[in-house]
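The Ni(2+) binding site annotation in TrEMBL covers A:CYS86, A:CYS89, A:CYS377. The Fe cation binding site annotation in TrEMBL covers A:CYS89, A:CYS380. Feature annotation from TrEMBL assigns domain 'NADH-quinone oxidoreductase subunit D' to A:140-299, A:307-383. What TrEMBL lists as Mg(2+) binding site is A:ILE344.
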Amino acid sequence: MDKKEKVKEKGEWTKLKLDNNTITGYTVPIGPFHPALLEGEFFKLKVDGERVVDADIKLGYNYRGIMKLAESRSYWRDLYLVERVCGICSHAHTTCYTRTVEMLGKIEVPDRARFIRTLVAELERIHSHLLWAGIGMELIGFRTLFMYIWREREHVLDVLEMISGNRQHYAMNTIGGVRRDVQKDMIPKIMKKISEMKKSLMKLVEVVVRDPIIRNRTVNVGKLDKDIARKICVVGPVARSVGIKIDVRKDDPYAAYEEVPFDIVTAEDGDVFSMVEVRLREVIESVKICEYCLDVLTRIGGDIRTEISEFPVNEAVGRVEAPRGELMYYIVSNGTHIPERVRIRTPSYMNDYAILFMLKDQALADAPIIIAAVDPCMACTDRMIHIEDAKSDKKEIISVYELSKRYRRKEK
Amino acid sequence: MSIADEIREKLRETLKDDYLDEKSDEYNRFYIRTHPNRIRETVKLLVDEFDGRLISISANDLGFEGFDLVYHFDFSHKEKSLHIAIKVRIPRSNPSIDSVADIAWSANWAERELMDLMGIKFVGHPDPRRLFLPYAWPSEEVA
């Protein structure tokens, strides 16, 4: 097969917006296979020697058209659909969806339901952040810590299974409340598990923050400028790691966050290290919120859901702090039981844009950890990296794991 | 005076007759309708003067009536829960509007997405390539 036919078969490919005459070197494509919804990504890195000169990104490899699908189902069936937008932050998506629908119909949620929502959301945040920390540590070659962190994550999943019956896709939320109650006899068991976890997590944070190996690989790597971060509106832990103090839980309180005391964790540097630090310190805050919620749940009783009769003609914007940042739903209703328009804006959609700025002028060896640093829902799976020499047509296909293995030891 | 009132006052002052409609609810959300020609001015005002975060652009397909573009601005870092949505309606026969990607960088991907999925043209976009669809996807006229 000659080159022209090959191009025809693959479809036309628009070249990177780079001048090939001035920049000599390789283009390193990373991707595109990806497990999560909106952000199926394909990176093209232009390298000059070992340094990344420019980066480009292409989305849409896993586009499932959830927003269009949601417009053809009833509000109740959409609940199951939006839960499957993301496997890791499934509860955040249903919380945001139910919040927006409750704003449409001006529905009040019972107190007990609000605290159960908060509890599950925080447990989910712990599990998501620990999952990310484990993967991140493995990408820089710290396998022991990866095992250590994931052991703690297993305890969170046990608690979530105890509450909801599932390790993922908890299906706790429904419009106007929650579907399952947290049983009174369950609370002491959860408390015990969480307090044990808290001790080892505190220790773990100290280990990660002080370890010289981790510091060497992450401090001053992939620095994100504060002004650029403001301009591209990054959200969540990425924004907080450059010193932008935004958190939907405080700014636009939902569920029970208005009554729960907690601090917003921020850092100043905006490098990979501060992103690690912010996430791990946030885990400790989340554990505190869980303890508070469990304490309240032992005291208050009452209903866990309200009945809903109709959805009036209206529109609403609901926002929620998912583990990766601010998640937004915009729903327009037309008076029937099917929404007119559902718009989903996921946090990674904003943060992925930051990767392009973070990668510039960094070593190729740091590319795996920089891409993983914004937690783009993509470190979850092993994918293939395709290295291509633009001049000699030399090609090589290796996995992310192998690339990270090859660059475990960075040469200075 | 709260920030919400300040912003609305300023918008009314600059847009004058093009400040077409205003709606609000008890969750501190405001929906303001204006003319598509004034969108660059409005976005510049909200981003530069009031430090608004343009978090998303959504489009509602209204059939024969055209498209409703909704520019979501978040001010909750300044005032609790404050969210202002600027709405403009563009006709179906000529679904095009000025791009704001050079004023608010976060509009870059949102506009590319709408070009892909809704067929709306953003005039003057700095990087009008496909985002979700393959690069080779044929451009279609809106039916």
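Every residue, even glycine, has its Cβ placed from backbone N, Cα and C.
Predicted, not measured: the structure shown is a model, and the values here were computed from it.
Known features from TrEMBL, placed on the structure.
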residue	record	Cβ neighbours (10 Å)
A:CYS86	Ni(2+) binding site	26
A:CYS89	Ni(2+) binding site	27
A:ILE344	Mg(2+) binding site	22
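Taking DSSP states H, G and I as helix and E and B as strand, the domain 'NADH-quinone oxidoreductase subunit D' (A:307-383) has 23 helix, 24 strand, 30 coil. Taking CA atoms as the reference points, the residue listed as 'Mg(2+) binding site' and A:CYS86 (Ni(2+) binding site) are 12 Å apart.
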